[in-house]
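What Swiss-Prot says about this one:
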- 32-49: transmembrane segment (TRANSMEM)
- 54-76: transmembrane segment (TRANSMEM)
- 98-118: transmembrane segment (TRANSMEM)
- 120-140: transmembrane segment (TRANSMEM)
- 153-173: transmembrane segment (TRANSMEM)
- 180-200: transmembrane segment (TRANSMEM)
- 226-246: transmembrane segment (TRANSMEM)
- 249-269: transmembrane segment (TRANSMEM)
- 285-305: transmembrane segment (TRANSMEM)
């Protein structure tokens, strides 16, 4: 059912689309938003002090809305390239279900709402970090890096890695080494995750003119870089335990998950240049999603149990 009737709204000829609530929800990139919210929640819970439960809910909702705003602004600007990629052609803007000006307005309103709510009701450091994240993703990455350099997702990955730092700052009003380590885990995870996708979607990116690594440096070079990042990510994933932030439970879980990541990356490294099935790349892409969720779930469980034991012994 349409939210509004199609109608002329001004002399410039802008039209209100017959979009559904589901179309606007899709603008938020809910799958991406769910990972952002989860990692931010882990940062919030792992912080060494407690936060009022109501403020915690406000912080997480603000981060979620901010992440969704970034997605909406990304879809507004990328409508031209989304339209020629099979993976993204059905998105609300390129498919015509939502007008570009609606996506832009929606994204801008949510951006301001999320940042102001977080700043006024929680603290301004976390709000500033959220504002920076929205700007970095929607402007620096989407409008510049994505179409300019094969290092787009390496540099742009910083936006997706900041949420646990925002969660931490929402509780403590500061940034610590522990929150930066959580940032590094996501930052180093991002290139192999997206390059695995780019390997088996290189045709899409080629048609859209996006300089992803496989299209610029070739598949062989991309496979080597994926493996190199996996070798760095694995020990960084264990770093929170080595630095004394977690118990051995997390350390063992992170070690096993990291070894799994390296093994899948090794399989990608050994792919033949003429491999059209791309099964190792698809397997790594799927495993990388599991890895990020599992390693942060282990961190969350470790933090909750450790805090419960500390309270019990008090």
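Glycine is treated like the rest: Cβ placed from N, Cα and C.
Each of 32-49, 120-140, 226-246, 249-269, 285-305 was scored by its Cβ pairs under 8 Å to the transmembrane segment (153-173), and the highest score goes to 32-49.
Comparison of 32-49, 54-76, 98-118, 120-140, 285-305 by number of C-beta pairs under 8 angstroms to the transmembrane segment (226-246) places 285-305 first.
Counting Cβ pairs under 8 Å that are 6 or more residues apart, the transmembrane segment (120-140) and the transmembrane segment (54-76) reach 3 or more and are in contact. Outside the transmembrane segment (32-49), and at least 6 residues removed from its termini, the chain residues within Cβ reach (under 8 Å) are 56, 59-60, 63-64, 67-68, 71, 160, 163-168, 170-172, 178-179, 182, 186, 245, 292-293, 296, 299-300, 303-304.
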